[in-house]
Amino acid sequence: MKSYQRQFIEFALSKQVLKFGEFTLKSGRKSPYFFNAGLFNTGRDLALLGRFYAEALVDSGIEFDLLFGPAYKGIPIATTTAVALAEHHDLDLPYCFNRKEAKDHGEGGNLVGSALQGRVMLVDDVITAGTAIRESMEIIQANGATLAGVLISLDRQERGRGEISAIQEVERDYNCKVISIITLKDLIAYLEEKPEMAEHLAAVKAYREEFGV
């Protein structure tokens, strides 16, 4: 685990974005941890979040021309990541996002920001069922652009309805790489460093045994 990944876990814990306990997910599964990126909700949170996304992007080595944030959660993520890339990595890249509802006046279409072209890096909070990615792919392809990769904050590394995860499905269906700031494996490595969290470590490991990929 790299230092920025450890810092991201501590940041998420401090904001209660990441919690350990017992939570029922939308899928009905009982999970020993919960991640709610919506709680990164102040200016400082967003500034820090952008730095972590930018760090993971640069670390990945994936080449891309533009950041795309799917509405709605992806919009602030794309914006803050673009700022962080410019301020901390000297990479001044365009960004773009979509509207959920098409405008009938003013600037046309359902896209805001730079023209959607070239190699696109899609940024979002998490991938649960992959629906937002599929909708975004339609927009990207309709504009003649290509998907360079997808970056999310957390990869839960767990099976969907079948034997593979929603993330593995996206990688298979769109022949692209999905990267994340942290994974379930990183969470477990972090818990292993904290003796006072042994109870949570056991629960998360048991969950991975049952649902992990």
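Glycine too: its Cβ is placed from the backbone N, Cα and C atoms.
According to Swiss-Prot, the feature 5-phospho-alpha-D-ribose 1-diphosphate binding site maps to K26, 72-73, 99-100, K103, H105, 124-132, an assignment based on sequence analysis. Listed in sequence order, A37, G38, D124, D125 are the same-chain residues six or more apart from K73 (5-phospho-alpha-D-ribose 1-diphosphate binding site) with CB atoms under 8 A from its CB.
Taken from Swiss-Prot, the feature orotate binding site covers F34, F35, T128, R156. Taken residue by residue with DSSP, R156 (orotate binding site) is part of neither helix nor strand, so it is coil. All protein chains considered, the CB of R156 (orotate binding site) has 25 other CB atoms within 10 Å.
Annotation: F35 carries the greatest number of neighbouring Cβ atoms among the binding-site residues F34, F35 [cut-off 10 Å, Cβ to Cβ]. K100 (5-phospho-alpha-D-ribose 1-diphosphate binding site) sits 24 Å from F35 (orotate binding site), taking the CA atoms of both as reference points. Taking the Cβ of I127 (5-phospho-alpha-D-ribose 1-diphosphate binding site) as reference, residues of its chain lying under 8 Å away and at least six apart in sequence are, in sequence order, I133, V150, I152, D155, A166, I167, V170, V178.
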